[in-house]
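Below is one structure, written out as structure tokens, with a few remarks after it.
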Amino acid sequence: MPNIVLFSGSSHHDLSQRVADRLGLELGKVVTKKFSNQETSVEIGESVRGEDVYIIQSGCGEINDNLMELLIMINACKIASSSRVTAVIPCFPYARQDKKDKKGAVERWSRAPISAKLVANMLSVAGADHIITMDLHASQIQGFFDIPVDNLYAEPAVLQWIKENILEWKNCIIVSPDAGGAKRVTSIADRLNVEFALIHKERKKANEVDRMVLVGDVKDRVAILVDDMADTCGTICHAADKLVSAGATKVYAILTHGIFSGPAISRINNAAFEAVVVTNTIPQEEKMKHCPKIQFIDISMILAEAIRRTHNGESVSYLFSHVPL
């Protein structure tokens with residue numbers, strides 16, 4: 001069996017180091033830089049001939065630069081005769097652009113790009129043999145690839161966090177901030193043996209504000225909002241206010257991917273949250289300095305175990321329902 005080599009891109013070195021430590025590995029030598037014209041340069045600093053290569057690069061920060069860096073790293077390892085190249089992408093870039101969506105007038109549908117499919121094509125053409133990611137925004141993105149894709153889930157780690165950190169978890173209710181997340185929250189609610197609710201955004205006519213309609217009873221319960229990602233946090237912060245006004249005793253938000261761009265931090269600080277809990281698929285250190293409500297769940301053990309099992313030819317489905325030690 002070939003040896004395993006683990007490389008880190010520039011997007012999230014802390015997570016890469018955590019994964020390497022759990023695997024008992026040193027991160028491979030790689031130098032990334034930019035030329036004066038802003039082209040990305042990558043130099044792999046060690047032999048990868050015949051090796052099983054894993055490159056960790058999350059879709060965050062300077063997303064376009066980091067995506068290009070990942071593509072170049074994949075290609076550099078592939079043409080250096082590695083036996084297999086796996087791209088480990090904790091937060092998949094462009095995942096929200098997964099279909100032709102209505103963005104105004106109906107006639108604009110035909111001109112909307114499906115950028116997630118384009119990213120899938122680029123990764124394959126660059127030379128990736130396998131993709132490991134987490135909580136894809138749309139699970140059908142797996143079908144955009146002609147190579148194996150392992151979509152891991154943060155759910156087991158989320159369940160563990162709830163049981164360890166919310167004393168009243170048996171009296172909680174799991175809430176989806178929109179109808180699209182109903183399947184996610186029902187799965188968590190079933191495993192906790194609690195009820196679920198959802199918030200439906202009722203679209204108004206032009207020049208009228210959308211109205212949020214709560215479906216479910218949260219009175220005198222701890223409400224836990226669950227979603228796969230939050231960007232500017234307008235939806236979840238309005239949802240938190242709605243839950244408090246409906247009688248929830250406390251409100252938490254648990255998200256896999258905390259993007260937190262634009263006014264997100266100020267909105268969270270001013271919202272009625274006890275805590276906003278995210279995984280570390282995206283770096284959160286700087287944001288936590290400005291927002292004490294943000295906490296994170298470390299998912300490096302899930303990624304590390306997925307890499308170990310993939311390298312050894314073992315099934316990764318165990319990770320869909322268990323948190324590795």
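A Cβ is built for glycine as well, from the same backbone N, Cα and C atoms used for every other residue.
Between the stretches 139-154, 155-170, 219-234, Swiss-Prot puts its region 'Binding of phosphoribosylpyrophosphate' entry on 219-234. Listed in sequence order, P113, I114, S115, A116 are the same-chain residues at least 6 apart in sequence whose CB falls under 8 Å from the CB of Q97 (ATP binding site). In this model, the region 'Binding of phosphoribosylpyrophosphate' (219-234) carries an average pLDDT of 95. Note on proximity: of the binding-site residues D135, D146, D150, the one nearest D98 (ATP binding site) is D135, by Cα distance. Here the region 'Binding of phosphoribosylpyrophosphate' (219-234) has, by DSSP, the following mix of helix, strand and coil residues: 1 helix, 9 strand, 6 coil. DSSP assigns D146 (Mg(2+) binding site) to coil in the three-state reduction, placing it in neither a helix nor a strand.
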